[in-house]
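Notes to accompany the following structure.
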Amino acid sequence: MRKILKLKIGRDELVFETGFMAKQANGSVLATYGGSSVLATVCCSNNVREDLDFVPLSVEYNEKYYAAGKIPGGFIKREGKPKDKEILVSRLIDRPMRPLFDKRFGREIQVIPTTLATDQLNPPDIVGMNAAFTAVFLSDIPFNGPIAAVRMVYLNGKFIVNPSFEEIHDSDLDIVVAGSLNGITMVEGGANEVSEDILLSAIDSAHEYIKQICNAQKEFLDIVGEKEKLPLAFEEKIFEFKEELRDFIYADLKEACFVKGKLNRDKAITLLRNKSYEHFSSLEKLDDSNESLFYKAFDDFEKEIVRNSILNDKIRTDGRTPNEIRDILAEVDILSRTHGSSLFTRGETQALAVTTLGTSIDEQIMDDIDGDKRLNFMLHYNFPPFSVGETGRLMTGRREIGHGHLAQRALESMIPGKNDFPYTIRVVSEILESNGSSSMATVCAGSMSLMSAGVPVKRQVAGIAMGLISEGDKYVVLSDILGEEDHLGDMDFKVAGTENGITGFQMDIKIENVTKQLMRDALEQARVGRIHILSIMNSVISNSRVGISKYAPKIIQLQIDIDKISLVIGSTGKTVKAITDEFEVKVQIEQNGKIILFGDDDFKMQKAKEKIESIVREPKVGEIYEGTVKKINSFGAFIELTPTKEGFLSTRLKSRDSKYGSGRFGHGNRYSRFGSGGDNIRGNAGLVRPPKLEEGQRIKVRIVDIDKFGKIDLEIVRDKDY
């Protein structure tokens, strides 16, 4: 039976419906906000696996073109592989939800939110998140919900919940916040150099709306009726010889955890793990039935040692104090033929960033249900397996897309507008080494690479990854975390920004008791670390290069009247194609009359500009043109001044001392065909005729008269006349 629940959030009602669509799924909910609707389903496998030590969850958010009344572009008229946007939204749904599933469930879980309608006003991603969370909460799958999500923006000094696309575009802060009744679990977004206080206030405001949605989900569960939960696949077991294992390894493991260098530390721990395995196997206390429990117990001891050292002794595995940042080395211009490059090394994490400048033809075209877009700034993040000393496939996964998007958002508020810098900008980050915080190393390397390329960015942007170790009311905030601290810690949050404020933010919280004061302390510690990193980056390069690389395409811009655009294009594009071929340039013509020329040769580009200016320029008496003889008849020749203008050169005899503007004489009214003789005819001294002309010949002429109908009369210009 169809069940409906409504609540007011922001400008519109958020509507949940269930019991009438996708009824064979373990859970299904249709969520609608304004005119945007998303159907979310959740299903689990019937196969139970007891050997899983993780949650086998997959989230596949997808958008249908029919939702916006569109048919997919391109040759194939069917939705294809997931777009980057769909992958990013899938990650937004996955991250806050994954920790709330019980690992003992032992079955694969798949959540599929599908956008069925969009009103082009309300972004469907937030609708999809709440549809997915509610579908799982109402299902028979064990889940520690409810959770909910909202988007908050800061616009004109006010916070707006679930804003429109236009409000998002105009805002200074745009974040997506997910959480439960007890606290925040995830935050992600970008900003235009906002303060830490504004970010905290936005998160606080978001949590109030999140609690409303969570309470509505509980009310909806009462209306629908709670399903009997599926049983857990296994009870949590512990290694029965755990205390013996502690006695055997603890002292050696404590020493191994603090070996300097990631590879050396991993090697020492692995040797000790293998030694322990062989020891307990020889005692016949280890077999296939408890092997996984042995490894879990070993990992628990490692986690206990590291966390206790940080909480009690304030010493991390690499010897640093909690707020200490690893050694940093920054370089620029390390690649000779690229348009801009930088190498940023922080401890054992290293990012090589390369900036390439292109033309508007190189823009990324986004065929999206929210409307077609053209992106002139892109950042691509690559994480090859050698960066962690491993082998593997070279491919772009969801993690790479997510990290690249975070770094791109952190930098894009510093990118100049198209009017100021009409280039397409692509930054590629190659992670050459990784031991934590590679996405923030990408921000730092990318910022310096942009300056190296001569992109007039406003300021340097630096990023830092922060962590948290807590126990009860006791906590320690960590600056510039290692990979293992990310894994063993209670919170992972990344902050990017300038010396003036925050530009990018991502946070995932694994515990519920994160207080506002804790977050304030963490953000302040991140700010101090960010300023330190910026000081090192600015000592290497603090301002963008003056001018771009000689290997980058050159650009010239000019503005013409809108009604002259057709003159530049010409019939069936004939004129603009001729300019392109003659001067070896690319010509972009915009609807507002702006013309952008792209090319590699400054001289040819300048000539192309002059050509266009001559095409759109209104002719004036006295101006000199180098024209082409198009046609000759008995009375004179038609001279093409520009592809859109012609003048007439009469065969009438001209006076040597005539002045342009008179055009005709009262005497010497004699005509002759071209090529009939010399300059002087029958003693008429001072009278001249044009030299012999041929069609296609180039000749310098001066405008001597323009009548009221626009007819242009010309005279020949000799070298001694100008």
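Numbers run from 1 along the shown chain.
The backbone N, Cα and C atoms fix where each Cβ goes, and this holds for glycine too.
As recorded in Swiss-Prot:
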BINDING   Asp486, Asp492  Mg(2+) binding site
DOMAIN    553-612  domain 'KH'
DOMAIN    622-717  domain 'S1 motif'
Where Asp492 (Mg(2+) binding site) sits in the secondary structure, as DSSP reduces it to three classes: strand
Residue counts (helix, strand, coil, in that order) that DSSP gives for the domain 'KH' (553-612): 32 helix, 16 strand, 12 coil
Number of other Cβ atoms within 10 Å of the Cβ of Asp492 (Mg(2+) binding site) across all protein chains: 21
Segment confidence, the domain 'KH' (553-612), expressed as mean pLDDT: 90
